[in-house]
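Here the structure is laid out as structure tokens; the discussion comes afterwards.
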């Protein structure tokens, strides 16, 4: 592990005992104590580069104050434009930010765009109420008022997920501050249930990254190896990549769980990133609060089993970095300037690549996803429904195998970063995923498969059952 990885791990582990300290605190101590810890971590790891986060926050707050009815689009433009400046600092002869500064900036961008959207929703709801002339019950998830500058700063610098996620909305943050009877919200048992696989994943990461180092792919000697070896190598590289993020995100979730952050009654049917989808009145007494069943779906960032064993490329995205996937779906996919599912996905993947950075490998990887989505969608629509139950089961196993190989292939661009290294590796295995995806897409079109945006995927309604079948076997 690199020194940076050790620092990330220490930050994640420290957040767990800190969470237990804040869990039963009052709203004021939670707000300002959590912000002080987060600001301290930012200053410690980023130093003077912390100024970038402050500039981004102040700029967003100014836009919210100036144009509350359109601040969402303005905040998106501002924060994404600042990301470009932030990443071009070395080209401008300015000090290059640390990797920790980049991590803080990435999560801060998501939070501020979401905050602007929540403020815009509040402003539009207030205008609608004034126009109608009567008071209505507040909409689920609506903010009670526009946050002040200090409240915006406290949300932005809250230590929870400050470098690794999970992403959370201001409404989720506010619910944590005002959580009734926090002592009734379970933390220790959910934390232990969530944390138990992390040590195993950590050991698997250390073992796989040691046996199959990524740096080997950048050496000339690697390309003298036989084709089967080159093909196989992407599998352990992606495996190590997954194990690394599994550990990081599970630890980050445990930090939230320790603080009771993102806990809602199961009846609220909370979604990762978005929070509750059903209105659930707060408990009126400690006894009622203790009788409720809670979950932490709002801050769930990774479904390890779903990532590894879901059947389709499309589903694989949903189980990975789940809170960020919600953000992308809510603020990018829904407002994409296209109607086609594949084109909307391409637009979303393009902006996701930009959010991650300017390395060409990000774009090569992310822009391969829409091709895979189109290929699996058209071919599945054309063929799978005509198969027998046994044939569909075999189809799903083959589909799962190819889905995993596609992600292995795309991961190489994400970790190699440069265009030269990525294309060199892909060329050494003859761009086989691209060619296979094009062949499947062509076959699906010839056989009359429907567009993914205009049909219901035959396995969509039974995706959970298919996943269970894979689990059983």
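Using the three backbone atoms N, Cα and C, a Cβ is placed for every residue, glycine included.
Not measured: the values here are computed from a predicted model.
As annotated by Swiss-Prot, N-linked glycosylation site applies to 321. DSSP assigns residue 321 (N-linked glycosylation site) to coil in the three-state reduction, outside any helix or strand.
According to Swiss-Prot, the feature region 'Disordered' maps to 451-473.
Feature annotation from Swiss-Prot assigns topological domain 'Cytoplasmic' to 1-5 (among others). Through the fold, the topological domain 'Cytoplasmic' (1-5) approaches residues 99-100, 206, 244 of its own chain, all at least 6 residues removed from its boundaries and within a Cβ separation under 8 Å.
Nonlocal intrachain contacts for the topological domain 'Lumenal' (23-33), taken as residues 6+ away from its ends with a CB within less than 8 angstroms of a stretch CB, comprise 151, 154, 176-178, 182-183, 185, 187, 258-260. Feature annotation from Swiss-Prot assigns topological domain 'Lumenal' to 23-33 (among others).
What Swiss-Prot records for 58-73 (among others) is topological domain 'Cytoplasmic'. Here the topological domain 'Cytoplasmic' (58-73) has long-range neighbours at 79, 82, 112-113, 115-117, 119-120, 123-124, 127, 146, 149, 152, 331, meaning same-chain residues at least 6 beyond its ends whose C-beta is under 8 angstroms from one of its own.
The topological domain 'Lumenal' annotation in Swiss-Prot covers 94-194 (among others) and is backed by similarity to another entry.
Same-chain residues lying 6+ beyond the ends of the topological domain 'Cytoplasmic' (213-231) with a Cβ under 8 Å from its Cβ atoms: 237, 240, 412, 415-416, 421, 424-425, 428-429, 432. Positions annotated as topological domain 'Cytoplasmic' by Swiss-Prot: 213-231 (among others).
According to Swiss-Prot, the topological domain 'Lumenal' annotation covers 262-426 (among others).
Annotation comment: Swiss-Prot describes 448-473 (among others) as topological domain 'Cytoplasmic', evidence class similarity to another entry.
Among the features that Swiss-Prot reports, transmembrane segment is placed at 6-22 (among others), with the record citing similarity to another entry. Long-range contacts of the transmembrane segment (6-22) within the same chain: residues 29-30, 33-34, 37, 41, 45, 100, 103, 159-160, 163-164, 187, 191, 247-248, 251-252, 254-261, each at least 6 residues beyond the stretch ends and with a Cβ under 8 Å from a Cβ of the stretch.
Among the features that Swiss-Prot reports, transmembrane segment is placed at 34-57 (among others), with the record citing similarity to another entry.
If you look at the transmembrane segment (74-93), the same-chain residues 6 or more away from its ends with a CB under 8 A from one of its CBs are 52, 55-56, 59-60, 63-64, 67, 102, 105, 108-109, 112-113, 115-117, 331, 351, 354-355, 357-358. What Swiss-Prot lists as transmembrane segment is 74-93 (among others), and the listing cites similarity to another entry.
Long-range contacts of the transmembrane segment (195-212) within its own chain (CB-CB distance under 8 A, at least 6 residues past either end) are made by residues 1, 233, 236-237, 239-240, 243-244, 246-247, 250-251, 254, 304. The transmembrane segment annotation in Swiss-Prot covers 195-212 (among others) and rests on similarity to another entry.
The feature transmembrane segment is assigned by Swiss-Prot to 232-261 (among others). Outside the transmembrane segment (232-261), and at least 6 residues removed from its termini, the chain residues within Cβ reach (under 8 Å) are 5, 8-9, 12-13, 15-20, 22-23, 160-161, 164-166, 168, 172, 176, 179, 182, 185, 187, 190-191, 194-195, 197-198, 201-202, 204-205, 208-209, 211-212, 214, 216-217, 222, 296, 299-302, 304, 307-308, 321, 405, 407-409, 411-412, 414-415, 425, 429.
Panel annotation: around the transmembrane segment (427-447), residues 223, 227, 230-231, 234, 368, 371-372, 374-383, 402, 405-406, 409-410 of the same chain, lying at least six beyond its termini, place a Cβ under 8 Å from a Cβ of the stretch. Per Swiss-Prot, transmembrane segment is recorded for 427-447 (among others).
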Using Cβ atoms only, which residues of the same chain lie under 8 Å from residue 321 (N-linked glycosylation site) while being at least 6 residues apart in sequence? 165, 245, 249, 301, 302
Residues of the topological domain 'Cytoplasmic' (1-5) by DSSP state, where helix covers H, G and I: 3 helix, 0 strand, 2 coil
Could you tell me the mean pLDDT the prediction assigns to the topological domain 'Cytoplasmic' (448-473)? 50
Pull the DSSP breakdown for the topological domain 'Cytoplasmic' (58-73) and write it out as helix, strand, coil residue counts. 12 helix, 0 strand, 4 coil
Using DSSP, tally how many residues of the topological domain 'Lumenal' (94-194) sit in helix, strand and coil. 60 helix, 0 strand, 41 coil
